[in-house]
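These notes are about the structure you will find just below.
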């Protein structure tokens with residue numbers, strides 16, 4: 001079905017008029033071949049149908065730049081945007097349309113493709129078992145453990161370490177568990193995506209990974225849809241191959257992209273200027289991320305918190321869908337504690353004795369109680385000093401500071417910056433280290449020995465060197 005005219009171009013939103021009686025379906029992809037005025041070069045832009053305007057016209061969202069376009073002709077593809085799936089995607093980097101952007105061979109025309117808009121699995125297809133995913137990162141495994149097939153949110157403002165934490169999780173889980181990973185870069189820095197690709201190539205992890213990018217320099221249409229493109233690739237490995245798949249989304253800023261085009265689409269803005277369909281769009285994505293009786297998709301999502309305000313509609317809407325939250329705190333990063341995970345604000349529904357076991361649960365709660373008590377004492381210390389505390393409170397502060405530093409750890413992906421080897425700590429070793437620290441076994445070791453180390457044995461060795 002062809003069309004010959006665009007009624008208007010409003011940045012990323014394009015109105016298209018069809019011949020009388022011809023009408024594309026909602027979410028269909030239109031291919032628009034247009035001429036750029038500056039250099040008279042033909043460029044093909046993909047448009048996604050968003051709204052029917054009546055009078056044989058539709059309003060669409062462009063997946064590419066519309067700058068300088070003035071001569072138009074195009075066709076309705078008769079189907080939604082689709083992306084390649086299966087083995088052909090492993091080791092490759094794609095854009096939102098499933099086109100390879102890694103300078104490798106183009107994706108073969110006969111390779112399997114799936115549409116990016118799909119229904120969530122039916123209720124009777126879902127799995128009800130709960131299994132813990134070991135990450136090798138102490139603060140995560142101890143205090144906010146991740147669930148296989150769950151949805152995990154990494155919350156933090158700009159520059160507190162969301163991307164580095166995601167990179168470490170990709171590295172650790174790929175090296176230790178060997179599962180397939182799909183990385184969706186949504187509105188992130190191109191430099192970070194490039195660094196991640198080369199790091200994954202150097203480590204060999206890229207062979208079991210697929211990457212999809214819609215970076216911050218791209219139009220909002222691409223940033224809105226790229227998370228769906230990555231999820232579609234992950235779903236294929238789950239549903240057709242019966243595999244456990246990890247979906248990394250950095251970050252869930254497609255909500256911000258939606259707010260950019262919402263007013264142009266003619267929708268009444270909602271709170272803080274966001275689209276009124278925010279909750280619906282979020283639900284359509286999140287409900288597809290789940291465990292079925294065949295396989296699972298475990299999603300780890302970096303969630304940008306505008307101005308560190310957790311009441312902003314974008315992070316607030318995401319909260320309802322998550323099984324675990326990892327909150328990154330700027331004050332901890334300023335103290336040199338990395339990862340800067342807030343041990344008191346981070347949560348997981350898996351942290352219960354029935355799921356993680358009695359010992360793990362007991363140690364985790366004791367760690368949180370000690371850190372909470374230390375937090376309550378900080379105001380007194382700031383005003384009156386340590387000398388005014390009771391002996392019992394002094395001991396709490398003494399141990400809490402060591403525990404706080406022991407929650408930090410060197411990352412493999414940060415070796416080039418720190419000059420120190422990264423560490424993967426099994427859950428059993430993590431529990432053992434914190435249990436002995438709570439019992440006062442290492443009270444005589446200096447605080448600095450606990451900073452940026454892995455197992456408790458490394459603390460002992462570092463303590464001997466600094467003694």
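Positions of Cβ are set from backbone N, Cα and C atoms, glycine also.
Annotated ATP binding site per Swiss-Prot: 156, 157, 158, 159, 160, 161, 162, 163, in sequence order. There are 11 other Cβ atoms within 10 Å of the Cβ belonging to residue 158 (ATP binding site).
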Original post:
Long-range same-chain neighbours of residue 157 (ATP binding site), Cβ under 8 Å, sequence gap at least 6?
Top reply: 304, 305, 306, 307, 308, 328, 330
Subject >> binding-site residues (156, 159, 161), the one with most neighbouring Cβ atoms at 10 Å >> reply: 156
Subject >> Any further residue of that chain within 8 Å (Cβ to the Cβ centroid of 156, 157, 158, 159, 160, 161, 162, 163) of the recorded ATP site >> reply: 302, 304, 328
Original post:
Around residue 162 (ATP binding site), how many other C-beta atoms are within 10 angstroms of its C-beta?
Top reply: 25
